[in-house]
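Heads up, the thing below is written out as structure tokens.
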Ligand SMILES: [Zn+2]
Ligand SMILES: [Zn+2]
């Protein structure tokens, strides 16, 4: 566990200066604002080419260069500073050439703040049945024209260079987190080799950060080996990959905490594909800074609104006459104007109902992370976690045991 | 005290009535310029738009249209809400006009009886007596509303007998609505609009008009004239005959007419108010309105430069050869953004348009959103199409003010000739 640091301005500035010396070329600076004296949680400011991001941060996913019916202005109004685009989808449609002509993905979607793009590899393995991984790259059949396409680490970076994202992800060899045996080891070693190829291929190291992705499945030895190898490289940040794919939560949190134990303190840690409120709070306690997940926006389109005590299925009849806002304490544009009953009614006739809930859900995620951050800065993160758990579950018997154990491992006792 | 809604006409040019409908709303502080349109909604929401995106539009019409059709199934919660649909739906500060049907949705025929009409909600058919209709109005609490009407006789094969019956029923409904209106506390300050029916039979139209005008109504709704119902000449003659019988100081709203050329001819026939479902229909087929309605402000030079439509945006009209994606209902007033030609077109939907979409985004981006079925496409197109449509009405009024109606008409109708000249 890292020692807490003083958070006065003077010291912050000097620590940033020393950081710049560590990775002088990367267009990224991480300033640790506060560290929880009890757990591994930390609050940082992450300066990226397009704006500064306060962490811990949740990054909404805008797969195809748009945030599910929400305009860029609305997303800005929610104080979102970084969101995701998917390289696989954007590489297919409209294609990297067109996006480059449009001055990158920022220009194409007219988003002035930061963007993170994935490598495209994960989608290929999960969405496309016919994919084959070789040392060269991932071969798959295009779902649009049936042609065989080979995505190499170099090509992934070339596309991401065209997209112009502030943070790019290396192409990694993804295996399902439930797979065991030699394939996991092979994938881990290959991911290390592919990281080197990605780093060599990055044409814009002065403008675009390339993050490594820690692999190794659920095998602690392999994870540790991957961490040892990858942390030798001077990358601006690290992602924890290969998790949140249906593995046991007991395995999941142990891999997360193992990773943060060995990742350098001065670089951002991004836990991929994690976005349930409970997982966010626990993994912040385990020392992660950045998160992304399609869940909050996807679930909104099915009428599910996230609240501190779980979620409301607004299409259900019980809300037809419920004239309260989704969450009376929420300050989002939806809750300030609309009732559960109206959203229930609107769901029967117009897509705007989805937009209202998407706005609320993104606001919920971002507000949760802001509260987490504030509690870390004010040195009351453990109390925050306890209050969060109390609100989310009706009794402490309902607390998932993995979460209790994970929090206990960083000295936060919730029951 | 009854409300003080009053139409003040400033001039009439080629039959077009220019004026202001004053004294609208509960406190009478709203006004609406005519010729003009109401703001189209479904379930009291402009399709695709949230309050934030809606309010990016400048000069929204001061009157919003809601329908019994989309709200009838929510009667109970509206009653519990007690403050009407404005509060229930979290609407902005707007005047509400409530009509019976949504002009976009087809209404299955054969469900009208002597005592009832039917609307279709998400849960199926809802049969309305005048009493139920008025109870729903009391729950909605509009500022103006259309009286219950038998509007089923627009079909070309409606018999004279059926048309006569529709006129009789509609008058009977009006009398019952007026009677109940007096007794309904929630509607004390509301205005009721009488409905003119009569299909395409002149004498029935005249009878309907004269009888309705005898009643204490605040304005008139011209029903059964929607685009598919009859040919433009017949419609023009009927509307002219109707408006000639109507008192000058009361507004006339036509239902089901939205296409710009038809709007102009209806305005020339004396219609004041229109719906704005048309930009929504254009949005739903992935199209953007881009017809030109700007006329040169100097009449001296207007005759010398007669710019062709080609010059407008420096492109060939998209309508000459409808692409595979083309919608058969597409008009010559719009471009089909699903068309591949817009894939790498980095211009705004329309040069000079000040809507959010045109200020922020390109045709290429909207094209991408359409081909990937992204929800933002509907949002951006709705914003642009509504902005363009409102601009068209503004330009129509300006043309009347400046004695340039004929130039305006020529300019708008030149879009109609696009497809002829390019065939
Ligand atoms: Zn909210
Ligand atoms: Zn526009």
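A Cβ is built for glycine as well, from the same backbone N, Cα and C atoms used for every other residue.
Within B:226, B:248, B:384, the residue that TrEMBL lists together with B:353, B:355, B:358 for binding Zn(2+) is B:384. DSSP gives residue B:355 (Zn(2+) binding site) a coil state; it is part of no helix or strand. The sparsest Cβ neighbourhood within 10 Å, among the listed binding-site residues (B:353, B:355, B:358), is found at B:353. Long-range Cβ proximity for residue B:384 (Zn(2+) binding site), meaning a same-chain Cβ under 8 A and a gap of 6 or more residues, is found for B:288, B:289, B:349, B:350, B:353, B:355, B:357, B:358.
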